[in-house]
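> For reference, Swiss-Prot lists these features for the protein:
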- Arg127, Val128, Tyr129: fatty acid binding site (BINDING)
- Cys2: N-acetylcysteine (MOD_RES)
- Ser13: phosphoserine (MOD_RES)
- Tyr20: phosphotyrosine (MOD_RES)
- 22-32: motif 'Nuclear localization signal' (MOTIF)
Amino acid sequence: MCDAFVGTWKLVSSENFDDYMKEVGVGFATRKVAGMAKPNMIISVNGDLVTIRSESTFKNTEISFKLGVEFDEITADDRKVKSIITLDGGALVQVQKWDGKSTTIKRKRDGDKLVVECVMKGVTSTRVYERA
């Protein structure tokens with residue numbers, strides 16, 4: 001089910017990430033540092049538990065979850081959110097909710113790449129990863 005995502009991925013391109021972070025409410029200084037980071041994403045599966053770890057010079061974060069089960073998450077910019085991740089059409093779709101707001105993060109395979117689309121209101125950021 002999630003096996004296509006398993007592995008270590010390195011960021012190779014990022015479009016519109018600053019505008020997305022601004023829409024989410026991330027402060028200027030944090031946006032500048034986070035925007036320069038080139039994170040590796042490590043995805044693993046153990047039974048029905050999926051773990052996504054992001055490692056960069058900016059910050060390391062890790063979430064472990066079961067598909068379709070809501071969990072508490074502290075994001076890289078320190079937002080406390082409720083997240084739920086589902087598998088939809090071969091994509092891992094994450095919805096984060098906090099303070100009456102929500103954002104969607106869709107992770108999908110495209111050939112040998114992992115494409116992450118982050119959407120907040122009308123702002124979309126696309127980040128592309130390749131296997132490390």
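Counting starts with 1 at the first residue shown.
Any Cβ shown, glycine's included, is placed from N, Cα and C.
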> If you measure from the Cα of Arg127 (fatty acid binding site), which of the modified residues Cys2, Ser13, Tyr20 is the nearest?
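Ranked by Cα distance from Arg127 (fatty acid binding site), first place goes to Ser13.
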> Same-chain Cβ contacts of the motif 'Nuclear localization signal' (22-32) under 8 Å, 6 or more residues past its ends?
77, 79, 101, 103, 120-121, 123
> For the C-alpha pair, I'd like the distance in angstrom between Tyr129 (fatty acid binding site) and Tyr20 (phosphotyrosine), rounded off.
18
> In the motif 'Nuclear localization signal' (22-32), how many residues does DSSP call helix, how many strand, and how many coil?
8 helix, 0 strand, 3 coil
> Reported as an integer number of Å, what is the Cα distance between Tyr20 (phosphotyrosine) and the residue listed as 'N-acetylcysteine'?
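So the Cα of the residue listed as 'N-acetylcysteine' lies 26 Å away from that of Tyr20 (phosphotyrosine).
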> Which has the fewest other CB atoms in a 10 Å radius around its CB: Ser13, Arg127, the listed recorded positions?
Ser13
